[in-house]
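*Asks:* First, the structure itself, so that you have it in front of you.
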């Protein structure tokens, strides 16, 4: 397949998948902001993760459209920042799950301030260093870090730390689930379900990091380069959509939306019935008045006739 045609197909595919992911992340944020009763503390962390996904994908798309423009460098900085924030929020979500299952910490919300410091603060420090040494450039098709060393220390190394940390966390959590919850089937099923969701999110984001890193160090015009570019585009673009399916397509969310639409529908029909009733009442009144007027006119005519 000609490279030009492949680039065109990949561009359209990426745009579609990016749109799905952004819409999925936005709907997840919207749903849990709309219904506070569904917004548990772990869900709050998922909302922050979705925010980082929305911004990272948005500026990722902008970076490909900002080549040879004044917005190229700012787009490169923002892409780098929000992708790093994306990685660090997966760590925060995983560590919070570790606190609940392994440590059985009832005050896990105490750590939220530290999650924010880690997930927003460390990426900020990294991009400050990269920007200070002018490592963001236009790479001829998109805007990102200048060379392999910048990618290695500014993107790969933080990713390695996060991926290794998350692997250790999920190993401990899996062992704890197997060891302590085997005698409580109901609770086990729910916890295993949560574990699968969290682990799937980690795999999705971790795989995009791996594919993106390999693509950065491969020949972009080779078959291997194209393969990893496609894998990176797909895995990156479906993160938000996967989270939406995992957290919003369930009975509780459907029940809340159904209740809201039912209440809105009942309220709408009540207003319509009241309006229809007022119209019906005004009809007979108008007829009576008209009849009275006609009677009065007839009487007056008869008097003058007499």
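Don't overthink the numbers, they just go from 1 along the chain as shown.
Just so you know, glycine gets a Cβ as well, placed from its N, Cα and C.
What you are looking at is a predicted structure, and each value in this text was computed from that prediction instead of being measured.
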*Asks:* Please state whether Swiss-Prot assigns residue 102 and residue 244 to the same topological domain (same side of the membrane).
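*Replies:* Taking the topological domain names from Swiss-Prot at face value, residue 102 sits on the side where residue 244 is.
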*Asks:* Select from 251-278, 279-306 the stretch of residues annotated by Swiss-Prot as region 'Disordered'.
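*Replies:* My reading of Swiss-Prot: the region 'Disordered' range is 279-306.
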*Asks:* Using a Cβ cut-off under 8 Å, which residues of the same chain at least 6 positions beyond either end of the transmembrane segment (71-91) come close to it?
*Replies:* 45, 48-49, 52-53, 55-56, 59-60, 62-63, 115, 118-120, 122-124, 126-127, 130-131, 136-138, 143-145, 154-155, 158-159, 162, 165-166, 201-202, 205-206, 209, 239
*Asks:* In the same chain, which residue numbers or ranges, 6 or more beyond the ends of the transmembrane segment (197-217), come under 8 angstroms Cβ to Cβ?
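*Replies:* Same-chain contacts beyond the flanks: 49, 86-87, 90, 93-94, 97, 148, 151, 155-156, 159, 162-163, 166, 170, 225, 228-229, 231-232, 235-236, 238-239, 242-243, 246-247.
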*Asks:* Could you give me three numbers for the topological domain 'Extracellular' (63-70), the DSSP helix, strand and coil residue counts?
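*Replies:* Helix/strand/coil tally for the topological domain 'Extracellular' (63-70): 3 helix, 0 strand, 5 coil.
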